[in-house]
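A.B. asks: The following block contains the structure, expressed as C-alpha cells.
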Ligand SMILES: CCN(CC)CCN(C[C@]12C[C@](c3ccc(C(F)(F)F)cc3)(C1)C2)C(=O)Cn1c(SCc2ccc(F)cc2)nc(=O)c2c1C=CC2
C-alpha cells in the first residue's frame with residue numbers, strides 16, 4: 001500500500017462473483033521476476049529468458065483479476081509468507097483454494113532481500129519512480145544466522161503490517177494503492193472476520209509463521225509448510241501460545257530441523273505435524289504443476305506423488321486445522337483425520353529419525 005520499501009505489498013485472494021470478462025492475472029508478473037529467479041537458482045539469464053518464456057511465460061493463475069468481491073458473511077483471514085527466493089504470486093494453488101473456501105488471503109511480498117525480486121517506489125518530484133530489489137546472496141565469509149534472523153524478524157513485521165492494512169480496508173479507510181487497479185476497495189468494508197486470523201508460510205515463510213505468532217496474538221494459529229527453522233532463536237519458543245500445524249515434505253527435512261520443531265511440542269497447546277509421502281520441498285509452490293514429469297523430477301520440482309494429490313491433502317488438512325482453531329462453522333472438520341496423518345499418502349509426525357537428546 002504505502003509505496004515505499006517500508007510499505008506493505010501483497011497479492012489479495014478473495015471469494016468473488018462469477019465473472020465472464022475479467023482477465024486472469026499473470027502468474028509471474030514481469031520480466032524482472034524471471035531474471036531475479038534465474039540469478040537465485042544460478043542459471044544464466046540468456047538461458048533463463050528462453051526457458052522461462054517458453055515454460056512459464058504465458059501461465060495465468062486460475063482466478064479473475066479485480067473481480068467483484070462476494071461472500072455470504074464475514075471472511076476469516078490468512079496472511080501467507082513466501083520462501084527464500086520466491087515472491088508473492090508463486091503459491092496460488094494454496095491461496096486460491098483458501099479463497100474459494102471463503103477466506104481472504106494476503107500473500108505478502110517481503111522486502112528483506114529474501115525474494116528473488118520485488119519492487120517499490122520512491123517519489124521523485126511529483127511522480128513515483130519504480131525501484132527493484134533483488135535477492136541478497138550471502139557475502140563470502142559472512143555468517144548466515146545474523147542475516148536470516150534479521151530477515152525473519154522483518155518478515156514477521158511485514159505480515160503484521162499486511163494485517164494492519166487489511167484491518168484499515170475492513171474499516172473502510174480509503175486505500176492509497178500505489179498500483180493502479182480497477183478494484184473497488186470499498187466492497188471489502190466489513191468483509192473480514194478479524195477475530196479469525198491465521199498466518200501461513202512455506203520454508204523461510206514457515207519460520208516467519210513462528211516469529212509472527214510470537215509477535216502478534218491476533219494470529220490465532222499458524223500453518224507452517226516444510227519449515228526452515230534455522231533463522232529462529234529457540235528462546236522465543238516458550239512465548240508462543242497459539243496452535244501450530246507443521247506440514248512437511250518427505251525429502252526436505254533433516255534431524256536438526258525436525259528436533260527444533262519438536263521443541264515447540266506442547267501438552268497443553270495443540271501442535272501437530274504430518275509428512276506427505278513422495279513430496280519434495282518444491283511440492284508446495286506452484287512450480288510443481290508447471291513442468292512435465294521428467295523435467296519436474298530432474299529439477300526436483302516434483303516428487304513421486306501426483307502434485308495435485310499432494311497439494312489437495314495439504315490444503316484439506318490446513319482447512320480442517322483452521323476450522324478447529326479459528327472456530328469456523330464450515331464442513332472442513334470432515335478432513336480432521338488428515339491432521340493426524342490418517343491417509344495412505346500421509347505419515348503422522350515425521351519420517352525423520354530424531355535422536356531424543358537426553359537432557
Ligand atoms: C542454489 C541456490 N540456493 C540458494 C540458497 C538454494 C536454492 N534452493 C533450492 C531451489 C529453489 C529451486 C528452484 C526453484 C524454481 C525453479 C524453477 F525452474 F522452477 F523456476 C528451479 C529451482 C532452487 C529449488 C532453495 O533455496 C530451497 N529453499 C526455498 S525454495 C522457495 C522457492 C524459491 C523459488 C521458487 F520459484 C519457488 C520456491 N525456500 C526456502 O525458504 C528455503 C530453501 C532452502 C532453505 C530455506
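Any Cβ shown, glycine's included, is placed from N, Cα and C.
Sharing the features that TrEMBL gives for it:
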ACT_SITE  203  active site, nucleophile
ACT_SITE  226  active site, charge relay system
ACT_SITE  281  active site, charge relay system
A.B. asks: Return the count of C-beta atoms lying within 10 angstroms of the C-beta of residue 281 (active site, charge relay system), excluding that atom itself.
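C.D. replies: Neighbour count, Cβ to Cβ under the 10 Å cut-off: 22.
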A.B. asks: What does the structure give for the C-alpha distance between residue 281 (active site, charge relay system) and residue 203 (active site, nucleophile)? Integer Å is fine.
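C.D. replies: Cα to Cα, residue 281 (active site, charge relay system) and residue 203 (active site, nucleophile) are separated by 8 Å.
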A.B. asks: Using CB atoms and a 10 A radius, I'd like the single residue among the active-site residues 203, 226 with the highest neighbour count.
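C.D. replies: Compared across 203, 226, the most Cβ atoms within 10 Å surround 226.
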A.B. asks: Sorry to bug you, but what's the C-alpha spacing from residue 226 (active site, charge relay system) to the residue listed as 'active site, nucleophile', rounded to the closest Å?
C.D. replies: 5
A.B. asks: Helix, strand or coil at residue 281 (active site, charge relay system), per DSSP?
C.D. replies: helix
